[in-house]
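> The structure under discussion is supplied below as structure tokens; questions concerning it will follow.
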Amino acid sequence: MQDDLLMDKSKTQPQSQQQQRQQQQQQQQLQPEPGAAEAPSTPLSSEIPKPEDSSAVPALSPASAPPAPNGPDKMQMESPLLPGLSFHQPPQQPPPPQEPTAPGASLSPSFGSTWSTGTTNAVEDSFFQGITPVNGTMLFQNFPHHVNPVFGGTFSPQIGLAQTQHHQQPPPPAPQPPQPAQPPQAQPSQQRRSPASPSQAPYAQRSAAAYGHQPIMTSKPSSSSAVAAAAAAAAASSASSSWNTHQSVNAAWSAPSNPWGGLQAGRDPRRAVGVGVGVGVGVPSPLNPISPLKKPFSSNVIAPPKFPRAAPLTSKSWMEDNAFRTDNGNNLLPFQDRSRPYDTFNLHSLENSLMDMIRTDHEPLKGKHYPNSGPPMSFADIMWRNHFAGRMGINFHHPGTDNIMALNTRSYGRRRGRSSLFPFEDAFLDDSHGDQALSSGLSSPTRCQNGERVERYSRKVFVGGLPPDIDEDEITASFRRFGPLVVDWPHKAESKSYFPPKGYAFLLFQEESSVQALIDACLEEDGKLYLCVSSPTIKDKPVQIRPWNLSDSDFVMDGSQPLDPRKTIFVGGVPRPLRAVELAMIMDRLYGGVCYAGIDTDPELKYPKGAGRVAFSNQQSYIAAISARFVQLQHNDIDKRVEVKPYVLDDQMCDECQGTRCGGKFAPFFCANVTCLQYYCEYCWASIHSRAGREFHKPLVKEGGDRPRHVPFRWS
């Protein structure tokens, strides 16, 4: 039946005429000569069928009989790739006026069918121009498998895109007269809309240059392409709707040689996947024939994210799940309608992963049991305690040297305005014991090493901003819940007052664990700790709690330089909130060459006494510092002018006699003048400073509390 449908009148009429001529020749051969008797079985000449007689048509073989144009047995060719998608082919010869040909009634041999037609013209009979059929057929593996060429750009949801300007090239002159307009009954087949796009109005303003494809014509176009152009023009003139206009202009369903919307006449079949002008054969176009707004393949282009970055505390994987998907789930859409591909600039996931690693490393600091070697220690901890503490005459006990913690934890998650990944900032070499006012998040019970308690905080705590009417008993009652304590303030014994005179006091706890409990109960605001205290007239007034972290007493800036007491200065009147790291930064900014800074603390309570020391790595910086005599300390809320003196030791021998004249005793005097800068015993000082120009030098002696002072020298 399919072979019957593929035959055309143009092929059957010459066959019928040839058979009629053969019958006439046979009749002439069988006709008797004049005067002979006629055989009874020979038909008369009057009974010979005429070509014009309609009775000759049934006499033909069933294989050569064409179907009636408008008969009841008329069938329509369906697509072998898409069932239900029919084609209509206007005949190449003009039909009689009384019998208009319906679309799809017959198909010409030039129509490229995937079925064998038995013809010998491979170019005209192939479904796609330029591919030779195999045994009258064409292999389907020649087509891309991931995109069906049935759905061309005209069948996409953007079917209403204007593409008229790409068909301005006039078709070659047709050898046959143009077809008349299609009858009205053929239009309903073109009125079908895509269910995905009920209206094409929003896409009417899109330029056809962005989505259309210029047809590539061959040097020898077939006659069927001319018929297609003529039929398209006729259909465009008779169409009334916008859909009909786009359909007829694109000739998607009315062109006999171009029945598929994604193909043009004479085009290389491998370019049927939406190849633009200038694109090589076999290269997929960046436009998808299903939808021009989408790409048919996964893109490797990294798109900038459209949506704001997620919260930094949201735990998720580094890479998106669909970063390397091969289907259309990772398409790059112009408006980012789908989840974006992997963005290398999207660093919030990496930061979360690093924070999780740091949080895991810091778990031992949150109340867990420590190994026998002690808690983790930073490199600055070990560097200072193992390399420099002995030279300064300071004895520290250092547990945890076997368990080194590389990252500083003193301000992890506590200090506002800093990155949790880089907590060092100005204290980049500070150890891991925590900030004095920022340690509540890292507080833990007192560390123990072989049964020996290791303290983290001074047992003396500053409390500021107290209510003016609060007395000693009320202060004690407010903080007694943390442990036994004594309330003190400056000149308390002499004042004989029960109220702190300046609104601040000191809490002297009996146990260091009480200080840690107090820190845990405080609230943090802008890097400071507060606790609510009530008085007879004021209820729940926030007061500032300022503990002193023992690790803030010393800071090593340059561990490669040895500490020389002859290059160390004494800084008096240092504000108590100032830490060693801040003192080192100020001095290094002023004079340079700072390798160590320390805060003098009380030997019993280990609370700052208001003085500090700074060691330099070179003589020039040391002389510049002591020559200035005064320096302005400015840091945050601190702005104070302090005095600078040479740091005097009490265990130095005389630099002149090396103890020979004083019986091996330590030198009691130190000359701070830049022309001397030496230790002298009494005999050597008298002999050296009796010379001209040195009689006005004043000696420095070390008094209690490591504070040097000038003393008058008594001449004998």
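Using N, Cα and C of the backbone, Cβ positions are placed for all residues, glycine too.
Marked as compositional bias 'Basic and acidic residues' by Swiss-Prot: 1-11. If you look up Swiss-Prot, you'll see 1-118, 162-209 marked as region 'Disordered'. The annotation compositional bias 'Low complexity' is assigned in Swiss-Prot to 13-31, 54-63, 187-209. Swiss-Prot lists 91-100, 169-186 with the feature compositional bias 'Pro residues'. The compositional bias 'Polar residues' annotation in Swiss-Prot covers 107-118. The phosphoserine feature in Swiss-Prot is assigned to S194, S197, S291, S419, S420. According to Swiss-Prot, the asymmetric dimethylarginine annotation covers R309, on the basis of a large-scale study or a structure entry. Sequence annotations record features per position, and here Swiss-Prot assigns domain 'RRM 1' to 459-550 based on sequence analysis. Residues or ranges marked as site 'Required for RNA-binding activity' in Swiss-Prot: F462, F506. The annotation domain 'RRM 2' is assigned in Swiss-Prot to 567-649.
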> Output, ordered by sequence, the same-chain residues six or more apart from F506 (site 'Required for RNA-binding activity') with a CB under 8 Å from its CB, or 'none'.
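Result: K460, V461, F462, V463, V487, D488, W489.
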> Using DSSP with the three-state reduction, classify F462 (site 'Required for RNA-binding activity') as helix, strand or coil.
strand
> On the three-state reduction of DSSP, what should I expect for F506 (site 'Required for RNA-binding activity')?
strand
